[in-house]
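Colleague: Among the features that Swiss-Prot reports, signal peptide is placed at 1-18, with the record citing sequence analysis. According to Swiss-Prot, the topological domain 'Extracellular' annotation covers 19-1663. The annotation N-linked glycosylation site is assigned in Swiss-Prot to 122, 239, 702, 859, 896, 923, 1133, 1140, 1175, 1626, 1640, 1656 (among others) on the grounds of sequence analysis. According to Swiss-Prot, the feature domain 'LDL-receptor class A 3' maps to 122-157, an assignment based on sequence analysis. Annotation comment: Swiss-Prot describes 244-283 as domain 'EGF-like', evidence class sequence analysis. The feature repeat 'LDL-receptor class B 3' is assigned by Swiss-Prot to 417-460. According to Swiss-Prot, the repeat 'LDL-receptor class B 4' annotation covers 461-501.
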């Protein structure tokens, strides 16, 4: 029987091998004949078709190549859902429901017009045609047949039923007695046309027309004779005479002009058009019109008549508005960093560059138009709430309309000097004004909801608009009369509209196309253009719609802007920083002349910020400045008195505290500089007093503020005993200074900001506590009297004025170098970009990118030298200004002060003296001390007094050093447990040499033995403190002496480290890991990470994209490299052509499918894995993204109307999506109409509420009179409202503030320490804190994924260069459980069908296979002992613990009947075992999660009321258990005891198949086979993890040592007879039944007997079958060799094995414990073997199923094409096949 089984298997080897080739993808070979034009697709059969016909589900090519496999229609068909107001075509297209069965084929497959479709129609409120079709009532009797048989035009002068008022004789109508209205022609014709006979009767003969006196015609009726008129005439009130009808009054009777003639009319056309043969339609002369439209990534055009497409611009970031005139096309582009630009490009010149003409002052341009007379560009800026205009080169720009709310579209009428725009804000309307911005008035404001776009029909003088909310197109005359609806019901999701001839054209996001219809009737609707990307703006260009008129601006009468006005003249305009002179033609400065100076290394850039337009940038190079003037810049300060700047640079020396600082004055006008003083000491921060010509410096060592007078070079000082001044800013004209203090030099607490007098006197005023720093750049704006403070680490900018202190901006990345110009605050962030915001009106989120400083590095050499911690990236911005400042007494001969003149608030100024001197009686002159106070000591020379505490301080303060005599040692009287400082002070002895200064003279840290720092630590130079090396050169001083930020460019990193540009050393494993560890991202730079580096592991193939894969994955028919390179040059009987995608194409994930880039993020799934629609942004910031990818205004969310079409805007309306208008609460201020505003916009002098309710009431008195707030105070119309600074919240009394414990908000990824007003995050030993200071990064090698696919088990790294290593081939066998052991670098997996558990050591390739569990499913590994906890899903259903090396298992838990276990997990640290039990109740699953210790004792149910718990994982850092629930599609978490249970993730469509935790991010594999990760701390965001579609299926695990920290194994100290497992405190011995026994004890013999019986049975079977086995093996080998040799010769050089199903080695196995008889035969003639060289497999079965399995397999049918069958034979029969391709 066994021999038959072997022959049966062998006979199918070749068919299986051949069938495996069928997995290879076959590409069609292109048979191109001639090249098609742009916009056309070339069929393989040679013909050309429009590109939009490709992949539309209809064969247009003869050979059908336009619908071939590249279209990838595949599974998306069954998932498309159309909205309720749509009809779903058979080809899955969605069309408006009104277009179903309307006698027009709107579906591309014509499925909307199938036979019998009229049976499904409901013609309510419509006209019913004879055949059952429906048409609009407006189309009845309009002179055109709309019903198939034309019955909508029958009896048009005799409606079926009517009233007496509408059934009139003058209209050739007759009213029957039954109210039926019939034609006069059929009255008295001897036929009953009325149906009641009332149209016939005696009266038809009794009355005579001769006596009627009719002017024209007469008709007999039963009621008497009636007069009628000829066509074209109308019967008058006398019912006898006729007058001519003016047909021209009928709407739409002519395309353009109409001329009335007696009895008729004639249509005429304007000069630029001609009348077509229908005598009604006007056709434009001078060639075809061009329809231009934007599609996010490109600007496209189409010739309207020929429908030929062409491209104008491609590879754009986000094009929105578009316009075209003459030789240029213009568009607005939304840049990646969020700011808008206006770009122009020459038309019909594909190679012409894109010229950015407007770069500054734009936010969101949705509408743009060009005045073809002046060439000016007009635009609507939705986010800046304005209408603006620029010259066509962007040189001059200005704002015309400032107070509009949400402008979206703009249309120009140059012939009348007018412009129109739509506004969909709080009060939707359409407005009109002159093109110079004057005479603004509301044009339409009734029945408008979302007017999205406006356009003008110039010949007919009508304005058209499209309303995206009411889904309607309307029009009105330009005089405001005759408003009409053109089209409704069919409009879906319009964006922009234009008009030309008798057609309307609009872009529609629902169909991703351009639609068109008749502009009068709405008829002839169709989709003109279909596109992959959403179309944005549309624009029509033709000379006929842009008639020339005299240009009044032709002679350049204006110095800047010249605009048309409504008086057929012109108006001059100026940029925002200028105003018109009295001559109304020239411009003058309206503000003080000021601009910015950007300094980056040697580059000095004059940056002219004019708020709107194109900034003027000039680069200066100062050759006459010495080289060292550019080194180590530590501060740049503006001097508004002279218009110059003060430059400070550090001259480094060793030791650091002996460094000096040079102060230079730079003249930006003459580009000259001079050194004014050298400070021979180190200072922390510097500020300049332009009134007294003083430099204020903070000295952290002496805990003082030192003032240096630049006139006399003399110095005075203010000392602070208990705190250290660090940061300083001055307001000289107000005699104020702002100083940030820290508790002490070595304190880790936050900074406290105070307001003080500049003379150091008087009481201090607290401004803010709890500032984090570690840097605190400040700037005081003298105009607004506002202090701006940047808290670097949290990314806040605060503003402080007399009115309030508030957060101006948040969420910034290390904002530094603050300055102000006008109403704008400027700063630089770590991305090397200059940002600005209007500090008077800005919201907390508003900022604008002004200038990209990184572009300056393109042609620059880097600045040599050290970058100090004060100068993060050697970039500064200051405001150059020269103001008329009133003269001050200090400016007159230094106030007659002999040394220092200090501005003072009360007495104008005071004179100050250096230490050791005092003012004389004249209060001007400083003299030496003659008498010393009791707290002073008088030196014997020069009459100098010193402080008494300066005695014996180790510093010679007296000229002769008498204060430091040998007697100093005996002066002190310190206790035995104290240390005496040199100055005589006593401190605790344990504070001596603790790396912190406790003696005021710092003598406690002298002559100390240096502490020994670890190899991964850095020792501070002066304080000798040890800090982690990772904190070196991170721009945050951690050493008190700042030495960790010193000489960073000279730092040498070890061979295992990578050096960042700023000198920071990071582990090499952090390089190219997709995580920026260097502050500037240098460790992830493309030139490093995409270089041609060989794969680090042997037997790996290097893909061209940098990825590495196992050699065994080559030529397997699967695209493992993701670029197809692993499937090139493969020997096969089928030639496969893999295409290399071009730069303008997108490759679908894991395939060789190349798609045009414009299908990326087009709202439709074009790739098999839908990866082209991942990480996309479809909607603008003020819009809501529907689930169906539609975009609607946020105002429509939760307004009880289904605006999305899929009702997603009305979901979760009791939660976070509630519409703020519907809500009763606002976070801050609520306007009377319901609008919410931040307090910063309330009572600020600007009407921000639509009704102005934010500027009324008590705005003038709030917070100024009886201010009861103890924190911040906000002005409101209702009075003062108290608030708190960041880090605090209002207390219960709503007046005072209390600290927020941010740690309770789970803001840190691991551990958190709350501080007053702030918090600090820190990490466990196996992690380091990231640059964001909140998340922790695991130390060690890169994290690796262990994944299960259909074919194998793989190991993958997820970084810029992923490595995919095939660990073990599965050949179709399903893996039921998976886990890893990072300590031993092993992978474990189970298979419940064949009862196997395998362990693979990744390092040694050693494989252990055991068959000691009948049906093993879920498993978990205890990484300390190596034990495996597994669920045995046999009839007993238990959880066992197994030692694979010993081949032993013990039963720990018995599961209840009808319960199943789907997940098991262990916590080796806390010694817990968790599992989920599942049962089916009432047709739905229910689950509970149970917990025991690792011996199976102390069971507790920690969670119940669950659905189907499939996966579990543990966060060992935070001791949290996570589980996924398939039924409820959620992921939940709880503590180990079940407390604090909560839902952490809700999945909408899919459920999580497998979950894991790494670095406090939850990784989950969803049922659509996509791997994602979600942060479980802070703002919990999720992202897709791209590891390739072919690299995982159902199961994965994460391998990293930080997840399984090594611990000593307590079982090593135990001597167990059977097995050792972990227990709470240590370990314990157990027997096979799970019972615990003492160490060195023996298990109960009864327990072992069961096991022995099993062994004996196996041995008996083995003995009986031994002889037969040898015979069978010999025969089998002979037959198999012949079989293989035959097929090998048959296919020699013809193909290469491409499947994992090919045979490489045969293991003969007779199941037994006795391995001595095992025979292994290797067949080297095969292409590959299962086990790699050095790889070993050990089989340890407990039962012998061989004979029974062989008999069963002999009866099986041929299922060889399935890999699973091979594994069945491998496990259950006498032989099995193992393959490991190379």
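Positions of Cβ are set from backbone N, Cα and C atoms, glycine also.
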Colleague: Roughly how many Å lie between the Cα atoms of residue 1626 (N-linked glycosylation site) and residue 122 (N-linked glycosylation site), rounded to a whole value?
Modeller: 79
Colleague: Measuring CA to CA, name the entry from the glycosylation sites 122, 239, 702, 896, 923 that ends up nearest residue 1640 (N-linked glycosylation site).
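Modeller: Closest recorded candidate to residue 1640 (N-linked glycosylation site) by Cα: 702.
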Colleague: What Cα-Cα separation, expressed in whole Å, is found between residue 923 (N-linked glycosylation site) and residue 702 (N-linked glycosylation site)?
Modeller: 27
Colleague: For the repeat 'LDL-receptor class B 4' (461-501), what's the model's average pLDDT?
Modeller: 92
Colleague: Can you tell me how far the Cα of residue 122 (N-linked glycosylation site) sits from the Cα of residue 239 (N-linked glycosylation site), in Å?
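Modeller: Approximately 42 Å lies between the Cα of residue 122 (N-linked glycosylation site) and that of residue 239 (N-linked glycosylation site).
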Colleague: Out of 122, 239, 896, 1626, 1640, which of these glycosylation sites shows the lowest number of other CB atoms within 10 Å of its CB?
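Modeller: Comparing Cβ neighbours within 10 Å for the glycosylation sites 122, 239, 896, 1626, 1640, 122 has the fewest.
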Colleague: Would you mind pulling the DSSP three-state label for residue 239 (N-linked glycosylation site)?
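Modeller: In the DSSP reduction, residue 239 (N-linked glycosylation site) maps to coil.
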Colleague: Distance between residue 702 (N-linked glycosylation site) and residue 896 (N-linked glycosylation site) at the Cα atoms, whole Å?
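Modeller: For residue 702 (N-linked glycosylation site) versus residue 896 (N-linked glycosylation site), the Cα atoms are 29 Å apart.
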Colleague: Helix, strand, coil: count each for the residues of the domain 'LDL-receptor class A 3' (122-157), based on DSSP.
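Modeller: The composition, in the requested order, is 6 helix, 4 strand, 26 coil.
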Colleague: List the helix, strand and coil residue totals of the repeat 'LDL-receptor class B 3' (417-460) as derived from DSSP.
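Modeller: The repeat 'LDL-receptor class B 3' (417-460) comes out at 0 helix, 23 strand, 21 coil.
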Colleague: Of 702, 923, which of the glycosylation sites has the most Cβ neighbours inside 10 Å?
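Modeller: Output for this query is 702.
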Colleague: Using C-alpha atoms only, work out the spacing between residue 239 (N-linked glycosylation site) and residue 896 (N-linked glycosylation site) and round it to an integer in Å.
Modeller: 110
Colleague: Work out, from DSSP, the number of helix, strand and coil residues along the repeat 'LDL-receptor class B 4' (461-501).
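Modeller: For the repeat 'LDL-receptor class B 4' (461-501), the helix, strand and coil counts are 0 helix, 24 strand, 17 coil.
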Colleague: So how many of the residues in the domain 'EGF-like' (244-283) end up helix, strand or coil by DSSP?
Modeller: 3 helix, 16 strand, 21 coil
